[in-house]
Structures are given as structure tokens and as C-alpha cells.
């Protein structure tokens, strides 16, 4: 049919986007297309739309649109899937890629595992914690009785994230702490909190006991003893709750590195308490992501998978 646009749907830890190769296609109204394809009932079904365009500075420019049509600055899982697509576009020869976003250029590294599976790692940069108070007291009214905020902070990973660590003080626990959260209320409240200056993404997490042995992450990565493991739920600005968020996983690592006492994060405490946390395994509803500090940069790793192709 004339005027149709070819796309590929891809996902990273359940964070799914519709990708359009704009090297030889043109999307006239990306905001409208994003809303159309993102609908789970009437469209393709996705967390948003990503246009891959030519760039004079990189292998491609990644233009991100959330499911409500608003524009995104960066997306960790989106970067990983974009890298996989560009690797395939190169004839599966180029494994070291440069991808430009509104937040700058990111390096991505593709590790093919078999015909379908790729482990993709992206350099998300340094990131930093913003000195902006988070409304912990007001947030408390959205939490179930017996569940408290351990700490919360605002992080910048090229986009803004409010990271909240919660702890369950109840003696009898009917459900895991994160399952009891009304993420719709928590996410909407923090996303639109006026003192942040702009809409933000939200991660609510709970610490898992520090691993006493290596946690298998992939054929190329493990989470070593002495590093943090957390479970998290995600609320993305413009998309509401999603199964995972790559930049959110990086924000969790960054926040935890700043906020958690080392002797609480490390199994041995004592002398190890002065050592910086090098890695973090983040378990989200859509899967597991791995964040590692390499030379002060946050490297995000995880699987990137093609779901299907089609036309709209």
C-alpha cells in the first residue's frame, strides 16, 4: 500500500519501541505516529517510537518519542536496541557504534551470542546527582503502612530520574514490598512535582541482600560479590509505568553509590566499607539489567531482541 512506513519492533528487558529506519524513509508527523503505534489495543503496542536518522557525527541519530508523542532526550534500552539494529544494517560487521541523541553521542558495543540474541552494552556517560530535595514526607502518604522511604534523590543521566529506595518494616509480609505500591499514584505525583523544574522519570527500588556469590547476568557479564542488587519498578515520563528503563537502572546505580552506606551495601562491611560499589544488578519486571562503573562512566548492559517487523 502506497505511503506505508516499514518498522521493526525491538525490546530490551521488556522496554519495547517501534523503530523506523529514516535513512530511506520519511516520517511527516512523528508525534502522531508515536501515539498511533504505541497503543497496546489499537496500534503496534510499544513504549514509544524511535526514528533512526543519518548523522554527520555518528552512525545514526536516535530521535525518541514517548507514547504520548512527547520527545525524549535519551533512552538506555532504546540505545541498546538501536545499536543492534545498526549492527545488522552493517551486515553484522560493525560491533563498535556511535549513536547520537539529544543528550549527546553514546558509544555502544554489540556482543552477538547466537542468531537471535545479542548482549549490548552502552556508555551512558557519567551522570550526576542534582541537589534538589525530594518530597519524601508527601510521598509517604502514597505508601502502604509499614513501608518507608530509606532515601530518595534526583539524578541526571541525560534525562532526569527521581530514585526512591524503600524498606519494609512489617513483621508479616503478604507480598513483596514493590508489588504493594500504587505505582500510578507514586509515579504521577513525582513525575509532575513542580520543584523539580520539569517532568521526571521515577524508579522505586528495594535492595536485595548483597550477593555472597556471583550472580549470572549473561554470557559476558556477572554481578560479583560485594555489589548491589535491587528490584525496581519504573514510571517513565510520557509513557507511565513500563517493564524496564535502561537510564533508570543507571540512575539507581548512581543514586545508590551516593546514598547507601558502603558497609550496608557490602556483605562484609568493615574494611570494605571504603571501597566504591563497582557494579549493580537491577531486576525489573521486564528483565535484568547490569550497570558497571568503568573509568567513571556508567556502562549499561542487557539483551536486545527483535520482536517482529511490519508496515503502518
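Using N, Cα and C of the backbone, Cβ positions are placed for all residues, glycine too.
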Out of 114, 201, 293, which one does TrEMBL list together with 15, 66, 76, 77, 159, 236, 237, 246, 247 for substrate?
201
Distance, residue 245 (active site, proton acceptor) to residue 159 (substrate binding site) (CA atoms, angstrom):
12
For substrate, whose listed binding residues are 15, 66, 76, 77, 159, 201, 236, 237, 246, 247, the greatest C-alpha pairwise distance in Å:
16
Tell me the Cβ neighbour count for residue 159 (substrate binding site), meaning other Cβ atoms within 10 Å of its Cβ, over all protein chains shown.
25
Other residues, Cβ within 8 Å of 15, 66, 76, 77, 159, 201, 236, 237, 246, 247 Cβ centroid (substrate site):
72, 74, 75, 78, 234, 239, 242, 245, 248
In Å, rounded, how far does the Cα of residue 246 (substrate binding site) sit from the Cα of residue 75 (active site)?
7
